[in-house]
Amino acid sequence: MSFQITDIPRILPELMLLLLGLLVLGSDVLTRWGRGPAAQLERAREAGQLTAVGLGLVFIVGLVQSRFLFTVPDPAGGPLDVLLTLGRNLQTGGPGGSPILGAFATDEFTMIARLTFIGAAFLTTLLAMGYRLTANPGEFYALLIFSTLGMSIMAAATEFILAYLALELSSLSLYVLAGYFRESERSPEAGLKYFLFGSLSSAIFLYGISLTYGFVASENQKAGGAPIIATLFSEVGRFATGDAAGSPLLILGMLFIIAGLGYKISVVPFHTWAPDVYQGAPPPVTAFLSTASKAAGFLLLYRLLTTAFPGAVGAPRLEEFNGWTSILAILALVTVIVGNLAALPQTNARRLLAYSSIGHAGFLLLAVLLWASASPVDRTFGTAALIYYLIVYSLTNLGSFGVLAVLTNALGSDDLSAMQGLWRRNMSLTLMMTILILSLAGIPPLAGFWAKFFVFMAGYQAGAVPLVTIAVIMTVVSLYYYLRFLKAMWILPAPAITPFKTPPVANAAIILSTVLVVLLGLLPNLIWGTISSAASVAAR
């Protein structure tokens, strides 16, 4: 098992992200900028443009590499021969094959995750370009890129040490981004809280890895002590079967790993950091944190549990411990209830969406429960439901927090009261926010409806009927606080009728998110087949 030169194309998007981050940081540092406001605005604009163009290029390369999405035709003697040849070469040396060094998978699952993170980073960049970045914009965008790189590696990791390093790369970048606005009262506090809770979760996750490593080493010693890489997910899965799956050391390690990642995806009771951080961080960072970061945590948790602990899967029963699906069922139950009920009294829009995000984490756990089924078809459906929900949720939340970023920039407040009479001040923004909020609520025919429908079906097929029933009830409860947005924007009188414009780049990001939410709602099969193809690989 060694790294070959032919493996380089398989990690080309990650290499491009690394080079792009260094380029953005270097160009900002090496260019002499004036100290005036105009010079700083130009500095932020150039850094944002370079980041957006670079991320767009990386997205295109990742899209072309994903040969299961489409096949690049052979050159036919035309003006596009150079591009077609390049595309064919990218696909030939792209995804597929066994994991690199056994630790980095380049399967369809990785391809879709990679595109999701890069797309989210691109939209976040557009939102940030429409926001006021007052200092060191090169650092801001470089950290955003490095965080995206960490997330991409997280989703591809099939080895514990690589997963941990990727998690830290992503997290350390986000800690700094959360506290980016040092002149703000809330931003440094948000960064500090996120750092403290994130450091604790990383320590818990690492301790779980050490316990799991000890289990594998112990079992391997019993089997004769053959040389192995005990931190590979596949090696853990090979030993965690039969009676060994009930080993206290393995179960304890699994519990610590779930708890460590539980902080990253903000499930109850590991959610306490989320409302304060979401409210205090710069709005574009909150948008990225609530979407791409959560998606990366879920995808790592999914690959880890289904690859390293398939022998301890159990069944999603609330009344007894029966494997990791029992743990996830309990977490899903309390997360759905606490997240939605805690959102009811909130008056700050970002804090309200933070608790909403916690509730959505509970819905997402329902899709993972279907892994308890012995049927590959059921497992494929559950995996596809998880991926579909993450994509739709990311688009919807990015757009929603994008609207709040515009409001904060224009009005200086992100309270619900600041949204009163919004339709009289910015009709297009009001219409887009209405669509996005209705999608979060799961109203048909928007994409959020299908996302919830698929995860509820996954939970039902897994046999977690009581849990699905409670989730449906909490969905109805969530309508109350989602409709508060609509009441404020459309019904309550505006404190002052002063029209304002949405920055063009931020407007483009919000429009793109909204259009995709509507399109995926009207045509859910547009990406469902592709997602199912990727899910079938992950469900084997």
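Every residue gets a Cβ built from N, Cα and C, even glycine.
According to Swiss-Prot, the protein has these features:
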TRANSMEM  11-31  transmembrane segment
TRANSMEM  52-72  transmembrane segment
TRANSMEM  142-162  transmembrane segment
TRANSMEM  195-215  transmembrane segment
TRANSMEM  250-270  transmembrane segment
TRANSMEM  284-306  transmembrane segment
TRANSMEM  324-344  transmembrane segment
TRANSMEM  352-372  transmembrane segment
TRANSMEM  386-406  transmembrane segment
TRANSMEM  431-451  transmembrane segment
TRANSMEM  464-486  transmembrane segment
TRANSMEM  508-528  transmembrane segment
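With a threshold of 8 Å between CB atoms, the same-chain residues lying at least 6 positions outside the transmembrane segment (508-528) that come near it are 123-124, 126-127, 130, 384, 388, 391-392, 395-396, 398-399, 402-403, 406, 429, 432, 435-436, 439, 444-450, 502. Counting only same-chain residues 6+ beyond the ends of the transmembrane segment (464-486), those with a CB under 8 A from a CB of the stretch are 316, 318, 329, 332-333, 336-337, 339-341, 343-344, 346, 349, 352, 356, 359, 362-363, 366, 369, 416, 419, 433-434, 437-438, 440-442, 452, 456.
Proximity of distant same-chain residues to the transmembrane segment (431-451), defined by a Cβ-Cβ separation under 8 Å and at least 6 residues beyond the stretch ends, is recorded for 356, 360, 385, 388-389, 392-393, 395-397, 399-400, 403, 422, 475, 478-479, 482-483, 485-486, 489-490, 510-511, 513-514, 516-522, 524.
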